[in-house]
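Novice: Could you have a look at this structure, given as structure tokens, before my questions?
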2 protein chains.
Amino acid sequence: MNLSALGEFGLIERLARDLPNNPGQVVCGAGDDAAVLQAAGPDQLLFTTDMLVEEVHFSLTWATAEQVGVKALAVNVSDIAAMGGRPAYAVISLGVPERVTVEELDALYRGLRRTAREYGVNLVGGDTVACPDRLVINVALLGLVEPGRAVYRGGARPGDLIYVTGSLGKSAAGLFLCRHPETPVVPEAAAFARLAHLEPCARVQAGRLLAAAGVGAMDDISDGLAGELGEICRASGAGCRVRAGAVPVDPRVRLVAAAAGCDPLDWALYGGEDFELLFTVSPAGAARMEDKMAQAGEAVSLIGEITPAGDGMKIETGGVWRPLPARGYDHFLR
Amino acid sequence: MNLSALGEFGLIERLARDLPNNPGQVVCGAGDDAAVLQAAGPDQLLFTTDMLVEEVHFSLTWATAEQVGVKALAVNVSDIAAMGGRPAYAVISLGVPERVTVEELDALYRGLRRTAREYGVNLVGGDTVACPDRLVINVALLGLVEPGRAVYRGGARPGDLIYVTGSLGKSAAGLFLCRHPETPVVPEAAAFARLAHLEPCARVQAGRLLAAAGVGAMDDISDGLAGELGEICRASGAGCRVRAGAVPVDPRVRLVAAAAGCDPLDWALYGGEDFELLFTVSPAGAARMEDKMAQAGEAVSLIGEITPAGDGMKIETGGVWRPLPARGYDHFLR
């Protein structure tokens, strides 16, 4: 169905149906000038936003509209996870070109709703406007965290150990397969990588446990491990030493890399969008943190340690230490 | 300066300078994964978002980038005002085409900062991405309101009196002059109308007083008086009777309308973007509300009354009552 058959107000009414709204948290959801939310009690608020632009952050050539909805919310949830908080309330803005159909927007909202339910997020409002040329989605997300428990990027100290959750490079592997679907790789590996790229997961449970364990610094890996290490080192006034062999890469991602003729370490370091958590912990706290994470079924890998700022960022490959450039993805550099 | 000379991270650092951040409210502003904000105490939260798209909601042909920044924040503040709340925290997303210069983004942020200071808003973060073709600005705004005091659209009852703050049609008059700068009208009237369109004000003080006075329903006039009356009537299950002669129109807007050969009432009813408040109050509460507003120097005009739903929406012009179609601006209808 064409959008002009429905009109803006008809569309808003249609999209606002069955939004996840917990009555204990949402006094008034979508439909008024602003949503009204219950008092947050003693919790501090976390506030983040991310804009996704068609053919910059996603492509409807290989992602379904539902997957775009999943991703738009998940990348914001990941920011809340990286602070150690729990996501709570989101508002969604859509800039919609004329060619987009009502069914595509239904699917996009199906993805938003599914992801919201998965993470306990209330969808409480938004804005839907015409945007010729490109579909633009902005999500703003409000989270909650116990007072004083938020984990910042600047909390790393020389001697701290550096860990990551899960495995890296899977999103870059998936993007490669979206762009080169003819790559000869076993279906199970391809499916794993594509799903990691198209429907990323945010590590909320891991972030909550790590914040409670008092980790030093934490960041989500949206721009590649190297870029996020750079953020933590810069914010903390520190350097780091990382062992390439310790960077966790899923065997299925190695299969994709082999078929693609690419280096999976490159994907882990510079690929981005893995949305795992990168964090530091004091040597004294490491064993307890590892135990807690293991009990919760959350995989973590020790990949290196924080050094004084003067030492810069270094990576060891095959026994050789070399400088690790901290470049992440930059929207404006060419 | 070209954006590619600065890069995304250089740009973000530049834009994040001197953001209004009240240390009593902001624990950690822009620069980490999410902002950390003080607990809101017993207050309920208000959450709203608005997306502005170049050549749909604004044009750099007649607005300066600074004015675009003013407007992007003010339209969101207006939503919080319409709930009776006070605006508190905003995050800003920018989708930026290559042709936009660093100086233009500086100016846009100058407008955002100025408006944030004016309304006591903390600018606590955002996202800046590439968006070919068009500049897109999304603001998400968090406000606070005393528990139970938020004013909804659905609170109007038959017999209630209908009021508006300030005067209407001024933004449409300004837009006409932007499009037809050759219109022969006295400079003072032209300047008034253009400024109303390019740098709209949000009625936060009026909204706070009206919420405290216990008004029934309230809405900000973003889509024209007729459209907002329709929203209140629909949400309240009611109709309304409005007298055209009572709709407040500034004499300077009448001058512009005369020179333009347009009907100022049309601008008031269907022009939109005036960002005044439309509200209803019981006859018993009207005199006290009028006194309080007069004491605070806030102009209000009685324009009609709420009727039973079956009576529909009606307007009286020159002694004749006719139906008032509730159409507002629709992004997708043609």
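Using N, Cα and C of the backbone, Cβ positions are placed for all residues, glycine too.
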Novice: Could you look at A:D220, A:D223, A:D250 and say which one TrEMBL places alongside A:D33, A:D79 in the Mg(2+) 3 site?
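Specialist: Of A:D220, A:D223, A:D250, A:D220 joins A:D33, A:D79 in the Mg(2+) 3 site that TrEMBL records.
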Novice: Could you measure between A:D79 (Mg(2+) 4 binding site) and A:D50 (Mg(2+) 2 binding site) for me? Cα positions, answer in whole angstrom.
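Specialist: Cα-Cα, rounded: 9 Å.
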Novice: Sorry to bug you, but what's the C-alpha spacing from A:D50 (Mg(2+) 2 binding site) to A:D33 (Mg(2+) 4 binding site), rounded to the closest Å?
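Specialist: About 22 Å separate the Cα atoms of these two residues.
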Novice: Within the chain of A:E273 (substrate binding site), which residues six or more apart in sequence place their C-beta under 8 angstroms from its C-beta?
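Specialist: The answer is A:V75, A:S171, A:A172, A:L175, A:H197, A:P200, A:S222.
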Novice: If you count CB neighbours within 10 Å, which one among the binding-site residues A:D33, A:D50 has the smallest count?
Specialist: A:D50
Novice: Taking each of A:D33, A:T48, A:D79, A:E273 in turn, which of these binding-site residues have a Cβ less than 8 Å away from a Cβ in chain B?
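Specialist: Only A:D33, A:T48, A:D79 pass the 8 Å Cβ test.
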Novice: On a simple 10 Å Cβ count over all chains shown, which one of the binding-site residues A:H57, A:D79 is most densely packed?
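Specialist: The most densely surrounded of these binding-site residues is A:D79.
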Novice: Can you give me the same-chain residues 6 or more apart in sequence from A:T48 (Mg(2+) 4 binding site) with a CB-CB distance under 8 Å?
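Specialist: The answer is A:N76, A:D79, A:I80, A:A140, A:L141, A:G143.
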